[in-house]
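S.K.: The structure is given below, and queries will be raised subsequently.
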Amino acid sequence: MWCPEWRMMFVVFVLQEACCAYVLMVTAVYWVSEAVPLGAAALVPAFLYPLFGVLKSSEVAAEYCKDTTLLLMGVICLAASIEKWNLHKRIALRMVMIAGAKPGMLVLGFMCCTVFLSMWLSNTSTTAMVMPIAEAVLQQLICTGLADGHEDSETMDAPEEDSGTSTLWTLNPWLHAENANCQTTGSPMLEHPQIAVEIPNLKRVKARRDSQYPTKRDHMICKCLSLSITYAATIGGLITITGTSTNLIFAEQFNTRYPEAKMINFGTWFIFSFPIAIIMLVLTWLWLHFLFLGCNFRETCSLSKKRKTRREMMSERRIHEEYEKLGPISYPEVVTGVFFILMTLLWFTREPGFVPGWTSLFEKKGYRTDATVSVLLGFLLFLIPARLPSFKKKNDESSGSDPLAPMITWKDFQRLMPWEIVILVGGGYALAAGCKVSGLSMWIGRQLEPMSGLPPWAVTLLACLLVSAVTEFASNPATLTVFLPILSALSETLLINPLHTLIPSTMCVSFGVMLPVGNPPNAIVFSYGHVKISDMVKAGFGVNLIGVAVVMLAITTWGVPLFNLTEFPVWAMARNVTGSL
């Protein structure tokens with residue numbers, strides 16, 4: 001028989017597990033149903049954990065601001081400078097100019113520039129930036145086709161009631177370019193204010209789909225280019241730790257749960273994920289080309305000037321005109337570009353692994369992280385003037401500009417800072433801390449012991465398929481926050497290196513690309529009206545399979561020596577022993 005003291009300790013332990021599970025389920029239900037904003041739902045652990053005696057209020061509060069929060073703030077400062085001085089537009093237009101106006105190469109060019117921008121900016125911001133540029137090119141293609149008088153043989157029939165409506169150009173609320181001198185046959189161009197990401201107006205989208213494209217092929221090009229941008233934004237977000245919020249969630253939760261690991265930093269993540277992104281980029285482009293443009297790559301990808309049609313030459317001219325409007329590269333753009341390169345180099349060389357990094361120059365080790373670099377350079381952007389210093393006296397009163405105005409202001413930073421994501425990530429850290437303290441994660445791991453007969457790759461594949469299915473209907477950060485503690489406990493129970501399951505699951509949670517509600521970039525692209533839900537499901541299913549296959553290939557090949565996945569690590573073993581005690 002147990003003594004009363006042991007019985008009381010057992011009851012308290014079981015109650016803590018049950019209370020933590022209740023908080024986890026309540027938060028997950030709010031996240032999945034979105035009955036309240038995601039940020040508000042993330043505050044549930046802040047008051048339920050102290051009420052149930054799982055964590056003290058001060059302990060919960062400490063989880064809502066971590067090292068990754070400072071890392072994100074520094075990156076947002078750089079992103080604000082990139083947007084303010086139109087460096088992103090210059091990069092995008094230059095890359096598209098290099099690619100040319102052939103449909104296949106045009107799609108590939110837009111995908112490359114979107115991937116590059118999405119490495120450093122949020123997926124949503126990147127899509128919202130690139131889509132207006134792509135739309136301007138598409139509208140030039142459509143307007144030129146209308147002027148050519150239906151040259152191609154496959155002409156689509158439009159409904160009679162839409163014969164007097166304006167062209168697609170007038171129905172786009174995201175477009176900030178001018179009308180491209182395209183004369184329409186209906187009402188004048190509507191004026192729309194810039195709006196936030198939202199579920200598109202179904203009546204407007206339907207009207208757009210019923211509008212007349214010059215040919216069926218033009219419609220296919222519009223579909224292909226639109227979908228390629230949202231997929232490229234997702235692929236680019238995989239490459240860097242700061243590329244998307246789910247990467248930040250994984251990095252902080254992993255480093256918190258396994259502080260002795262020292263395996264995840266900007267350099268190791270980039271080395272692992274960059275080949276994944278390149279392979280996915282090529283395969284996704286081939287898939288979309290096959291699905292919408294066919295297999296005639298010689299016709300759609302030729303760089304020969306002799307093969308260019310009048311419409312393609314007009315599209316190229318339009319791109320060149322947009323680039324010329326930017327004028328010569330300005331001083332603020334140069335400063336922003338230098339900071340961009342400097343931040344990347346300092347991240348790479350902090351602790352590269354194969355050689356001593358710049359942190360080895362300091363006596364005390366472990367004090368400097370990627371966030372240190374990010375915040376330092378972000379702070380300097382508030383100090384450096386946006387105008388080239390000059391000792392000559394100039395009369396600036398007439399222009400009304402401040403010669404000492406900084407590169408960015410606090411309003412610029414506030415406009416881009418995703419505070420909801422910060423609180424959401426903090427809520428995830430709080431849930432993970434509660435699962436660790438209460439013992440819930442170990443209890444979940446024990447329930448999954450029957451899976452011990454499966455090989456590591458099978459466990460990882462099941463985890464990838466599960467999270468990629470759930471994330472189609474739930475928020476990506478919320479999905480990952482719920483699954484990370486469970487998969488960590490599962491790996492410890494089955495004596496699998498936790499990185500073998502956590503890294504692929506983190507990447508696959510970004511593959512919610514089959515529905516407009518899967519992520520904000522999908523909603524932005526869907527709002528333009530070029531694609532239907534059936535198009536997104538068909539194309540997104542293929543991209544999802546490509547993503548899971550490439551991630552599985554990576555974790556079983558170059559991921560093995562990079563993260564030493566062949567053995568159960570000491571840092572995870574120490575965590576397992578501590579948890580069991």
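Placed from the backbone N, Cα and C atoms, the Cβ positions cover glycine too.
Since the structure is predicted, the reported quantities are computational estimates derived from the model, not experimental observations.
Dumping what TrEMBL says about this protein:
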- 6-31: transmembrane segment (TRANSMEM)
- 38-55: transmembrane segment (TRANSMEM)
- 61-82: transmembrane segment (TRANSMEM)
- 103-121: transmembrane segment (TRANSMEM)
- 229-251: transmembrane segment (TRANSMEM)
- 263-288: transmembrane segment (TRANSMEM)
- 329-348: transmembrane segment (TRANSMEM)
- 369-388: transmembrane segment (TRANSMEM)
- 421-445: transmembrane segment (TRANSMEM)
- 457-475: transmembrane segment (TRANSMEM)
- 495-518: transmembrane segment (TRANSMEM)
- 539-560: transmembrane segment (TRANSMEM)
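Can you walk me through where each of these features ends up in the structure?
M.R.: Residues 46, 88, 120-122, 125, 241-242, 248, 251-252, 255-256, 332, 335-336, 339-340, 343, 369-371, 373-379, 381-382, 407-408, 412-413, 415-418, 421-423, 425-427, 429-430, 433 of the same chain lie 6+ residues outside the transmembrane segment (61-82) yet bring a C-beta within less than 8 angstroms of a C-beta in it.
Tertiary neighbourhood of the transmembrane segment (229-251): same-chain residues 68, 71-72, 75, 110-112, 114-120, 122-124, 126-127, 130-131, 134, 264-266, 269-270, 273-274, 276-277, 280-281, 284, 288, 370, 374, 418, 421, 424-425, 428, 476-477, 480-481, 484, 502-503, 506-507, 509-511, 513, 519, 521-522, 524-525, 539-540, 543, selected by CB-CB distance under 8 Å and a gap of 6+ residues from either end.
Counting same-chain residues at least six beyond the ends of the transmembrane segment (329-348), those with a Cβ under 8 angstroms from any Cβ of the stretch are 74, 78, 81-82, 84-87, 90, 120, 266-267, 270, 358, 370, 373-374, 377, 380-381, 384, 386-388, 407.
Same-chain neighbours of the transmembrane segment (421-445): 13, 16-17, 19-21, 23-24, 27, 38-39, 41-46, 49, 54-55, 59-60, 63-66, 68-69, 72, 245, 248-249, 252-253, 256-257, 475, 477-478, 480-482, 484-486, 488-490, 492-493, 579-580, counting only residues six or more beyond its ends whose CB sits under 8 Å from a CB of the stretch.
Sequence-distant contacts of the transmembrane segment (539-560) (same chain, at least 6 residues past either end, Cβ-Cβ under 8 Å): 227, 231, 272-273, 275-276, 279-280, 283-284, 287-288, 291-292, 457, 460-461, 464-465, 468, 499-500, 503-504, 507-508, 510-511, 513-515, 518, 566.
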S.K.: Let me spell it out: take the transmembrane segment (103-121), skip the flanking residues so only those 6+ beyond its ends count, and list any with a Cβ under 8 Å from a Cβ in it.
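M.R.: Here the qualifying positions are 75, 78-79, 82-83, 88, 91-92, 95-96, 127, 129-130, 133-134, 137, 221, 224-225, 228-229, 231-237, 239-240, 242-243, 277, 281, 284-285, 288-289, 293, 297, 300-301, 303, 315, 340.
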S.K.: Would you kindly list the residues that approach the transmembrane segment (495-518) from elsewhere in its chain, counting only those six or more residues past its ends and only Cβ-Cβ distances under 8 Å?
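M.R.: Long-range Cβ neighbours of the transmembrane segment (495-518): 199-200, 230-231, 234, 237-238, 244, 246-247, 249-250, 254, 258, 263, 272-273, 276, 456, 459-460, 463-465, 467-468, 471-473, 476, 479-480, 483-484, 487-488, 526, 533, 536-537, 540-541, 543-544, 547-548, 551-552, 554-555, 559, 563-569, 572.
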